[in-house]
Amino acid sequence: MMHQFILSLVFVLMATSGTTKAELTDSCLACMCYAESEGCHMPDPPCTNDGWSDVCGPWSITYAYWLDGGYQGGDFYSCTSDWQCSESTVRAYMGRYVTDPTAHCEAYART
């Protein structure tokens, strides 16, 4: 009986997998932030140059990343100096590029 239930559940999940999209969870976002800013905090100053470009905010966002994230907040430096705008940028970027409906946190982090 339980075996049939599990098989039915798997079938339903497989049948609906094309209609759902993976979600970037808060815990995954926090983990990514922790890795990018050595503890998930707003850097002071908010931007540093890594030798190639400015990286800003708790997720080390570059100008190109911000553009791909949909120009959140209207201005790169203002947005990446603001916690909520930085988070919105990461969520929009991931929503654009992570298309696998079964993606887990590792897929988001690698993106």
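A Cβ is built for glycine as well, from the same backbone N, Cα and C atoms used for every other residue.
In TrEMBL this protein carries:
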ACT_SITE  Glu36  active site, proton donor
ACT_SITE  Asp50  active site, nucleophile
DISULFID  Cys28-Cys105  disulfide bond
DISULFID  Cys33-Cys40  disulfide bond
DISULFID  Cys47-Cys56  disulfide bond
DISULFID  Cys79-Cys85  disulfide bond
SIGNAL    1-22  signal peptide
Rank aside, I only need the closest one: which of the recorded positions Glu36, Cys47, Cys56 has its C-alpha nearest to that of Cys28 (disulfide bond)?
Glu36
Tell me the Cα distance separating Cys47 (disulfide bond) from Cys33 (disulfide bond), rounded to the nearest angstrom.
15
Of the recorded positions Cys47, Asp50, Cys105, which one sits closest to Cys85 (disulfide bond) when you measure Cα to Cα?
Cys47
Among the disulfide-bonded residues listed here, Cys47, Cys56, which has the most company in the form of other Cβ atoms within 10 Å of its Cβ?
Cys56
What does the structure give for the C-alpha distance between Cys79 (disulfide bond) and Cys56 (disulfide bond)? Integer Å is fine.
9
Rounded to a whole angstrom, what is the C-alpha distance between Cys40 (disulfide bond) and Cys47 (disulfide bond)?
14
Using only C-alpha positions, which one of Glu36, Cys47, Asp50, Cys56 is spatially nearest Cys105 (disulfide bond)? These are the recorded positions in the record.
Glu36
Around the Cβ of Cys105 (disulfide bond), how many other Cβ atoms lie within 10 Å? Please give the count over every shown protein chain.
15
Let me know the most crowded of the active-site residues, choosing from Glu36, Asp50 and counting other Cβ atoms within 10 Å.
Glu36
Row Cys79 (disulfide bond), column other C-beta within 10 angstroms, all chains, value 21
Hey, how far is Cys47 (disulfide bond) from Glu36 (active site, proton donor), Cα to Cα, in Å?
13
